[in-house]
Amino acid sequence: MKTQLNTNTPKTKVEKEPVLKGTLASVLFLGFFLIFTWVSVYFLFLNRL
Amino acid sequence: MMNGTWKVDARDGKLAMAHIYVAFVALALGGLAGLLQVLVRSGKFELPAGISYYTILTTHGVLLGLVLTTFFIIGFQFSAISRTAGTLSDRIRFWGWVGFWLMTIGTAITAFYILIGEASVLYTFYAPLQAHAGFYIGLTLVVVGSWISGFATFAHYAKWKKAHPGQVSPLLTFMSVVNMILWLICSLGVAATVLFQFIPWSLGYVDRINVLVSRTLFWYFGHPLVYFWLLPAYMIWYAIIPKIIGGKMFSDSLARMSFILFLIFSIPVGFHHQLVEPGIDPAWKYLQVVLTFMVVIPSLMTAFSMFATFEMYGRSKGATGLFGWLRKLPWGDARFFAPFIGMLFFIPAGAGGLVNASYQLNQVVHNTTWVTGHFHLTLATTVVLTFFGAAYWLIPHLTGRVMTKAMNRLAIIQTIVWSIGMIFMSGAMHFAGLLGAPRRSAFSTYGDAPQALEWIPYQIAQAVGGTILFIGIILVLIIVTNLAFFAPKGETEFPVAEVAEQAERTPLVFENWKLWIGIAVVLILIAYTVPFIDMIQNAPPGSKGFKLW
């Protein structure tokens, strides 16, 4: 019996990661805004000591 | 949709709508009170017929902070569990109605005593201000009614779990259960102070009240109360908005994880409202501040998840560039637009919250109008705009009607009007607060002190913003009345999002209630036991009641 070559090698399913660079930029902006607000009021606190 | 039915059963819809009607009546009356307040606070108007500013202020806080929110939330949750975990049984629906009537009767009693001027103690009812006992008894009925609705929710969830062993529950049902557990645990605090302290004291059975204990029990309840308002908004963001925009939910597990984190971390944090309060050791305040900052994590997870949902949808529609996906979102759809604007306002709201909860920074803003501005961003914009956006599909779904294009356009205008009004009002409150303007006070120039005079332009801006917001309330009431009674008959979808294909399977561990409630209870005991013993053992003499209005 001839050995049959399996030509249909199973392809590994490539999980495509979604592109989320806009999300990254958005959360970085959000983080910056939180820190900016906090530091602003902190300096107000220091000025009034 | 794999679980449950497509349409909320008409009998469940009636129960949900009953709650929603009361919520919007509260909005109308509470909103009117808010308008009167900002006009008085501008210094240009006085209330007629000797009505006290503080009566109006109490009306505003109780009707909008407690009644509008609790009724809308419970109505929305009943419809959500009916939609996703199947029609309520007759018995569960019966108890839902018992809860509704207890809450409504309680609200009527409380409102009566406020309006006759016997309970101008503001919605926080701090001792030693003493209201008529009817005020506290009415509030007790509201809380007891909400507990009954909470247990009805749990019973419905348990029934679903029994019928679907080993399966992950529908997301909206899971989230409703988390919110009601949170509510039950935290409202034990307010129930304890009202039943054991305020009611005997206001009836004259005891002369004096331990002020610090009462305030501590109030804030044990008061901060998670904020999350009880916020979590239903998050339910709409996580589980409904993706469907409205035509996309998928980024991750079911992430949504459940964030809710569990709220359950764990949002309760043992009440001391951050009492940072300037004497009688609590600073070490315990510090611990609770740290726990407060832990609550930031699930909120940031939510922000990430929402951005990701929007970006994935936009890119699936061919968006390119860093922010090209923003253009693909359905800006003309009020069901999306109103909650989205709510999300945007949550960014400055969250930033302000970090300031409030920080020990030193709190001294800059404590008891100033900054705080009022802060919760008008969180509750009165983020939460309320999300609820309005939900009402635009929920009410027609429950009443068998459809929203017309004209009403949709009006709802978009309403959102814009609300945003402009709030930028003026809340913005002015924040800035005046930084300059030291006190909250909870009628207009005063404090003997024309230069510092007090600095606040007046901001208080006028507040009045302008408040007036614009009142126009926003009239607009939303027009829309809601139309959707409930006059819109054309038809079918409106109750949108429930599906999870994105790439998302991981949701593990069952999120429904290990013993574990999560156990951790929550342990944290509460750690954060409160020692300071509480201290407050009772080293208590100063209690205070007699005062009626200062």
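Residue numbering: from 1, along the chain as shown.
Backbone N, Cα and C atoms are what each Cβ position is placed from, and that goes for glycine too.
Bear in mind that TrEMBL entries carry predicted annotations, made automatically and left uncurated.
The feature domain 'Cytochrome oxidase subunit I profile' is assigned by TrEMBL to B:1-549.
With a threshold of 8 Å between CB atoms, the same-chain residues lying at least 6 positions outside the transmembrane segment (B:51-74) that come near it are 19-20, 22-24, 26-27, 29-31, 33-34, 36-37, 40, 99-100, 103, 107, 110-111, 114-115, 117, 119-124, 139, 142, 146, 149, 179, 228-229, 232, 379-380, 383-384, 387, 440, 442, 549. Residues or ranges marked as transmembrane segment in TrEMBL: B:51-74 (among others).
Under the heading transmembrane segment, TrEMBL lists B:94-116 (among others). Same-chain residues lying 6+ beyond the ends of the transmembrane segment (B:94-116) with a Cβ under 8 Å from its Cβ atoms: 15, 18-19, 22, 26, 55, 58-59, 62-63, 67, 70-71, 74, 78, 88, 131-132, 134-135, 137-149, 151-152, 155.
According to TrEMBL, the feature transmembrane segment maps to B:136-158 (among others).
If you look up TrEMBL, you'll see B:170-199 (among others) marked as transmembrane segment.
Sequence annotations record features per position, and here TrEMBL assigns transmembrane segment to B:219-241 (among others).
Summarising the annotation, TrEMBL assigns transmembrane segment to B:253-271 (among others).
Sequence-distant contacts of the transmembrane segment (B:291-313), counting only residues of its own chain at least 6 positions beyond either end whose CB sits under 8 Å from a CB of the stretch, comprise 223, 227, 234, 237-238, 241-242, 245-251, 254-255, 257-259, 261-262, 265-266, 268-269, 272, 319, 325-326, 328-329, 343, 346-347, 350, 354, 357, 500, 523, 527. Taken from TrEMBL, the feature transmembrane segment applies to B:291-313 (among others).
The list of residues near the transmembrane segment (B:334-355) in space but at least 6 beyond its ends in sequence, with Cβ under 8 angstroms from a Cβ of it, reads 233, 236-237, 241, 244-245, 293, 296, 299, 303, 306, 361-362, 364-365, 370, 373-374, 377-378, 381-386, 388-390, 392-393, 403, 408, 411-412, 414-415, 418-419, 422, 430, 495. Sequence annotations record features per position, and here TrEMBL assigns transmembrane segment to B:334-355 (among others).
According to TrEMBL, the feature transmembrane segment maps to B:375-395 (among others).
Residues annotated as transmembrane segment in TrEMBL: B:416-436 (among others). Using a Cβ-Cβ cut-off under 8 Å and counting only residues 6 or more beyond its ends in the same chain, the transmembrane segment (B:416-436) has close neighbours at 38, 341, 345, 352, 364-365, 368-374, 376-377, 380-381, 385, 451, 454-455, 458-459, 461-462, 464-472, 475.
The transmembrane segment annotation in TrEMBL covers B:456-480 (among others). Remote same-chain residues near the transmembrane segment (B:456-480) are listed as 24, 27-28, 31-32, 34-35, 37-39, 41-44, 369, 388, 391-392, 395, 407, 410-411, 413-414, 417-418, 420-429, 431-432, 435, 437, 443, 445 (criterion: CB distance under 8 Å, separation of at least six residues from the stretch ends).
Residues of the same chain lying 6 or more positions beyond the ends of the transmembrane segment (B:515-533) and with a Cβ under 8 Å from any Cβ of it are 181, 185, 213, 216, 220, 260, 263-265, 267-269, 271, 280-281, 284, 287-288, 291, 509. TrEMBL lists B:515-533 (among others) with the feature transmembrane segment.
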